[in-house]
Amino acid sequence: MNRGFFNMLGRRPFPAPTAMWRPRRRRQAAPMPARNGLASQIQQLTTAVSALVIGQATRPQPPRPRPPPRQKKQAPKQPPKPKKPKTQEKKKKQPAKPKPGKRQRMALKLEADRLFDVKNEDGDVIGHALAMEGKVMKPLHVKGTIDHPVLSKLKFTKSSAYDMEFAQLPVNMRSEAFTYTSEHPEGFYNWHHGAVQYSGGRFTIPRGVGGRGDSGRPIMDNSGRVVAIVLGGADEGTRTALSVVTWNSKGKTIKTTPEGTEEWSAAPLVTAMCLLGNVSFPCDRPPTCYTREPSRALDILEENVNHEAYDTLLNAILRCGSSGRSKRSVIDDFTLTSPYLGTCSYCHHTVPCFSPVKIEQVWDEADDNTIRIQTSAQFGYDQSGAASANKYRYMSLKQDHTVKEGTMDDIKISTSGPCRRLSYKGYFLLAKCPPGDSVTVSIVSSNSATSCTLARKIKPKFVGREKYDLPPVHGKKIPCTVYDRLKETTAGYITMHRPRPHAYTSYLEESSGKVYAKPPSGKNITYECKCGDYKTGTVSTRTEITGCTAIKQCVAYKSDQTKWVFNSPDLIRHDDHTAQGKLHLPFKLIPSTCMVPVAHAPNVIHGFKHISLQLDTDHLTLLTTRRLGANPEPTTEWIVGKTVRNFTVDRDGLEYIWGNHEPVRVYAQESAPGDPHGWPHEIVQHYYHRHPVYTILAVASATVAMMIGVTVAVLCACKARRECLTPYALAPNAVIPTSLALLCCVRSANAETFTETMSYLWSNSQPFFWVQLCIPLAAFIVLMRCCSCCLPFLSGCRRLPGEGRRLRTCDHCSKCATDTV
């Protein structure tokens, strides 16, 4: 019974016994030989061979002798190879490509079946198309064909406003498409090249990460949903701002395009060609560079100074292609230049002089009291011209006129007070200064002090509508313009040239009736003399000029054709006075936001067709108003302290702006006592205060019409009564029907009159006389009493007549009768 149950479960009812407990089985007898003789012979042969093999395997065998070790063949000695000359360049090691990070792996995995390449006619990938939410989307500026047999034949709908085109995705591909989301809080997101930062409403990536050919790639969150589609990018120094297409919570498409955006379609670029003499070469691959041949490199730049690809040529000249990785911190465009001496109008605030820190120009275009100064010294470079953050170099005033260096702590800037230095590069300084009438740049060291002062009025500046001396810590941010402190940005160009030689008498020495040429240490000078015959020469050591006896017979000058200097009017320029070269002007003026104070909000009191502003501020604050009708009548006033200002408000409205607060608009909503939906006297009272003339005319017209109607009705009633009573008046002792008597107010039968009746009662029964006389008085008293009870009800909603019109706050008087706006 149990066996059948457990067999259903596929196992035995009890575990099988181990081998030691199994019963011994009888050895089966050998099978009887088959009758077939051939099969018997084969079986015997197999048994014999098996016994032979097993016997040899179990038989002990003597050990085999160990083979002798092999002798190593000695390779013939080769003659030593000659050493390669040091001039031969070593092969560069190809840097290993870094493995993709987690974000890149996730993006690559999701893009595998949902992102398609867009290729041009040559088969090059110039962008991408995206399958998302039942549509295939492609940037409009990517001109090419989708690399897919089905998607390439779809008909696309173009939208130039969003720089996108889309088509319906085939049904069999919709299940694998991306999904999008309108939620993108600030943080980091994923795309093909790693992480994308979203902050301040913008997507940014590190500089150099993305580029041409990435147009159409998606930006995804950690769930794989598409947050944005990349269209291009704008270089902003250390980071690149992306131009993207996103969606809001209502599903509406939003395109964000930073200033200076370039489309990232990998269109074929036309190589710009530059010239050197009659030879043309690609501007990005010049035949030499500045570190190899300084003079020739400057010749190339000067010949192509007006070329469209001048910046490309300048970067290539500075960074030699075979010199390995160039370091931006060591080599930049100001490496081509040199400091110089210039004429300063005020040295130590006294007399003009030659100064190593001559101020060429001062710009104060920023809104945050920051100024940009150009001098003849160079900041951020050491004596050799290499970039050094804590050094500056200047032209010495001594006889050798060599370039010397110092630390940036020696540089002082001041106006009416000390300035705070913000940044520096080349000839330029960026500083925040207090207001003043002049700008002074000084070199203050332990040995000497040199300064230069330029008369330039620096006015106090503030942003917004409230004056302040220092920016507040808390307040409101409003748009303003500031100088970009990044040294890589450019605000244009400054013109450069290679100066003509300068002759210095310090290069000549007269001793014992002889004239010697004395060059500075390590420099070459050229002398020209007229001592009978014309003599000239270039020397690097102290050399006697034969035949000359006085210094006035010679001139000696030093010529350096490997450096540019600023095209200053103090220097001897070349003959045509045109710019030979140009360099970038740093510290670009860019739009930004500045923190400004916000004054206390005014206390507003509303009245009939006017408002009162109770203002209180401890600094100058601007109050402006204007009417919103056809005649604005604007007003402006700077206010400080406590004050009250009253303004009239008409139906068109009034707008006022107090300090840096948002504009406020008020309108006159006229009202009056009474109720337009109440009792007749309330209606008349309401419209009488709103439109008195029209109300009087309407009431008068209604009264006249009513009086005419009542008069006509009375006359008609009298005529009808007379016509009804005439037949009965002509018949003696006629009895008038009761209904007609009631209708016409006549007695149905002859009776005594009221006078006769009262006379009779006075003569015969005076108590009844007084009772009869009190009946009308009692009726009059009852009527007056009823009127006194109904009067409070009829006048419950009536306002006092002297209140006048006010700005309404509610529709009915029983709700709130005293509160006004």
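Cβ from N, Cα, C; glycine included.
The S-palmitoyl cysteine entry in Swiss-Prot, when matched to the candidates CYS594, CYS716, CYS745, CYS789, corresponds to CYS745. When CYS344, CYS529, CYS554, CYS724 are looked up in Swiss-Prot, the one carrying the note S-palmitoyl cysteine is CYS724; the rest have no such note there, which does not rule it out for them. Range with Swiss-Prot annotation region 'Ribosome-binding', chosen from 93-101, 210-218, 399-407, 669-677, is 93-101.
For CYS283 (disulfide bond), the number of other Cβ atoms no farther than 10 Å from its own Cβ, over all displayed protein chains, is 24.
A simple Cβ count within 10 Å picks out one of the glycosylation sites ASN278, ASN524 as the most packed, and that one is ASN524. Counting other C-beta atoms within 10 Å of each candidate's C-beta, the recorded positions SER215, ASN646 are led by SER215. Checking the recorded positions (HIS141, SER215, ASN278, CYS283) against ASP163 (active site, charge relay system) with a 10 Å Cα-Cα cut-off leaves HIS141. For the pair ASN278 (N-linked glycosylation site) and CYS289 (disulfide bond), the Cα-Cα distance reads 19 Å. HIS141 (active site, charge relay system) has its Cα within 10 Å of the Cα of none of the recorded positions CYS283, CYS289, ASN524, ASN646. Neighbour count (other Cβ atoms within 10 Å of the Cβ, all protein chains): 19 for HIS141 (active site, charge relay system). Within 10 Å of the Cβ of ASP163 (active site, charge relay system) there are 20 other Cβ atoms, across all protein chains.
In this structure, the C-alpha atom of SER215 (active site, charge relay system) lies 59 angstrom from that of ASN646 (N-linked glycosylation site).
In this structure, the C-alpha atom of ASN524 (N-linked glycosylation site) lies 81 angstrom from that of ASN646 (N-linked glycosylation site).
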